[in-house]
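Swiss-Prot has this to say about the protein:
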- D53, 167-168, Q189, 215-220, 289-297: NADP(+) binding site (BINDING)
- Y58: active site, proton donor (ACT_SITE)
- K88: site 'Lowers pKa of active site Tyr' (SITE)
Amino acid sequence: MEKQVQMPEVELNSDHKMPLVGFGTCIPDPIPPLEELATIFLEVIKVGYRHFDTASCYGTEEALGKAVAQAIESGLVNGREEFFITSKLWVEDADQDLILPALKKTLGNLGLDYLDLYLIHMPLRLRQGAEMFKYTKEDFLPFDIKGTWKAMEECSKLGLCKSIGVSNYSCEKLSKLLENATILPAVNQVEMNVVWKQSKLLPFCKEKNIHVSAWSPLLSYGSIWSQNAVMENTVLVDIAASKSKTVAQVALRWIYEQGASFIMRTFNKERMYQNVQIFDWELTQEELDQIQQIPQRRSNLAEAFVHPEGPIKSVEELWDGDL
C-alpha cells in the first residue's frame, strides 16, 4: 500500500474540524469524462487527501461523488466521516427561495446526505440561465445578503451542511452579513498568496473568529489562467534554495504560518506529496520579513461580475476598494 500524507486540522467556529489542505476540483475546460475524472480523484484519495473543494459551477461534483463512493465501497476509507467535502452556492441560485433546492441538487450530484461545508460563492446574484462570463446588464439582479444568509442558516439547521460560510467576501460585506447572522460564517474562502496577502481581511476575520481559506495559493500555476508572480518570485526562489525546499512549499508554508488553510490542485503525484510536506519546519523571521516586502496586487478582479448599470458597478465596489 502506498504511503499516505498526514493532514493537520483546524477547528472551525462551528466546532467541526477541517483538514488544513483541501484538494481543489475546479478544472479548466475541457473537463475529462465522468469516469476518467472519478478515477483521477480516487488516486488523490489514495495519496491521503480527504478534504475536497468543489462547487456547483465547476461541473465536477458528480465525478467527486463517484470517487468518494468507490473509496468507501472498496474499503480504502472507513466511511463518509473520513471525508470533508466543501461545495458552493452559485450566483444564479443566490436567492432565499433557491438555496435549499440548489443544495439538494448538489447533494444529489455528490450522492451525499450532507456537506461538511457550504459556501456562498460570491457576494452577488445573477439571473438563472445567464451565459457564463458573458453577462449582460439584464443578468445582474439585486442581492439580498440578509435573506440569503438566513436561508444558509436554515440549511445548516436541517443538518444538510455541518458548517456554512462565504467566499470572496470583503471586510465590509462580511460586516453587513454579520449584522443579522445568528450563525457565524465558519470560513471565508478568498484569493490569498504571497503577492496578495489579504493584510486587511485576515486580521478582521481572526477578530471575528472566521477562518480564512486560500484559493489560488500559487496563482493557479500550470493552468491556462496561471501567472508566474508566485512561483518565479525571486524572494521565494532564494528562500527555497537556502532551505532545500520547493518554491511551492515556501509559498504554502507562509500561508499556513498566517493561520490560514489552502486549496491546492495538482495531478502530479510527486507534487501532491510535496505540497503537504510543510508542517515540520518553519520560516525564519528574516525570511518572513523578506516575504513581507513583496509588492501586493490582487490577481483575480472578477471583472465579469460587475456592470456599470448593475447593482455592483465596478471592481472597486465589488472588493470595497481592497485591490
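Placement of Cβ uses the backbone N, Cα and C atoms for every residue, glycine included.
For R297 (NADP(+) binding site) paired with K88 (site 'Lowers pKa of active site Tyr'), the C-alpha to C-alpha distance reads 25 Å. K88 (site 'Lowers pKa of active site Tyr') sits 31 Å from I294 (NADP(+) binding site), taking the Cα positions as reference.
The recorded positions listed here are K88, R297; among them, K88 has the most other Cβ atoms within 10 Å of its own Cβ. All protein chains shown were included, and the count of other CB atoms within 10 Å of the CB of I291 (NADP(+) binding site) stands at 20. The residue listed as 'active site, proton donor' is surrounded by 18 other CB atoms, counting those within 10 A of its CB over all protein chains shown. Here the CA atom of the residue listed as 'active site, proton donor' lies 32 Å from the CA atom of I291 (NADP(+) binding site). Other Cβ atoms within 10 Å of the Cβ of Q189 (NADP(+) binding site) number 27 in total over all chains. Looking at P217 (NADP(+) binding site) and Y58 (active site, proton donor), their Cα atoms lie 18 Å from each other.
For the pair formed by I294 (NADP(+) binding site) and Y58 (active site, proton donor), distance between Cα atoms is given as 32 Å, rounded to the nearest Å. Residue density at P217 (NADP(+) binding site): 27 other Cβ atoms are found within 10 A of its Cβ, drawing on all protein chains shown.
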